[in-house]
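All remarks here apply to the structure that follows.
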Amino acid sequence: MTYKAAIPAYGRVEERLNVLSHGLGALGAVVGFCYLLHQAFIMSSWPYWLSATVFGGGMVLMLTSSTLYHLAKKPVLRKWLRRCDHGMIFIFIAATYTPFTLLALQGDQSIFWTAIIWSIALLGIIVAFIPFKHKVWVEIPLCLGLGWLAIFLYGSFSGELGLGGHWLFAGGVVYSVGALLYLVKKMPFNHAIWHCFVLAGLSCHYVAISAYLMT
């Protein structure tokens, strides 16, 4: 199997854009991660340390796994990295929730929602690593469902976030539009476009967490 046969949906130009977008994003995520750790150091509390580590680490790992997948040329390695890439999406969604469930919720509610969200993410990871036809039609709804679970928590979050709640909502909208465009396979450069929406949605949630939640 040739390189082109392994990735029939991507031309060389688009694949370079895929690598460039999330490669640069990963470098930016490292800087953002360091800033979150600095904020956690100032707050000097374990929920802040855990929130910064989980969200920041998830951000870096998700973008790095995507970059490695698009860099890979050997079909077997590429196939495995693609599953890792999709699994990391679920991990990152749960990692994004973690600062909110740890810092904006209290007591049993915090424990309950953290457990629910990570359990759904684990299900998504299992789906990502099991090969079956038309898997995208399971993965995308599962991603969107997990993401928009925030609707049930928004009332609890809003008191802690203030204007940051608007950034949280905006990020969800951006991710959702990007996911829908990802399904339009005939659109030129649709995967590179999806990458741009991922970076935009991630940036919105980063602002909500760093500027409003971890201060």
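Using N, Cα and C of the backbone, Cβ positions are placed for all residues, glycine too.
Using a 10 Å Cβ-Cβ cutoff, His70 (Zn(2+) binding site) registers 26 neighbours. As annotated by TrEMBL, Zn(2+) binding site applies to His70, His191, His195.
The transmembrane segment annotation in TrEMBL covers 20-42 (among others). Same-chain neighbours of the transmembrane segment (20-42): 48-49, 51-53, 55-57, 59-60, 63-64, 66-67, 70, 192, 195-196, 198-199, 202, 206, 209-210, 214-215, counting only residues six or more beyond its ends whose CB sits under 8 Å from a CB of the stretch.
The annotation transmembrane segment is assigned in TrEMBL to 48-72 (among others).
For 84-105 (among others), the entry in TrEMBL reads transmembrane segment.
Marked as transmembrane segment by TrEMBL: 111-130 (among others).
Annotated transmembrane segment per TrEMBL: 137-157 (among others), in sequence order.
Residues or ranges marked as transmembrane segment by TrEMBL: 163-184 (among others).
The feature transmembrane segment is assigned by TrEMBL to 196-214 (among others). Residues 21-22, 25, 29, 32, 35-36, 39-40, 43, 48, 51-52, 55, 59, 96, 99-100, 103-104, 160-165, 167-168, 170-172, 174-175, 177-179, 181 of the same chain sit 6 or more residues outside the transmembrane segment (196-214) yet have a Cβ under 8 Å from a Cβ within it.
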Surrounding residues of the transmembrane segment (48-72) on its own chain - C-beta under 8 Å, 6+ positions past either end: 10, 15, 18-19, 22-23, 25-26, 29-30, 32-34, 36-37, 39-40, 78, 81-82, 84-85, 88-89, 91-92, 94-96, 98-99, 102-103, 195, 202, 206, 209, 213-214
For the transmembrane segment (84-105), sequence-distant contacts whose Cβ falls under 8 Å of one of its Cβ atoms, 6 or more beyond its ends: 47-48, 50-52, 54-55, 57-59, 61-62, 65-66, 68-69, 113-114, 117-118, 120-122, 124-125, 128-129, 139, 142-143, 146-147, 149-150, 153, 156-157, 159-161, 168, 205, 209, 213-214
Listed in sequence order, residues with CB under 8 A of His195 (Zn(2+) binding site) and six or more positions away: Leu17, Asn18, Ser21, His22, Gly25, Ser66
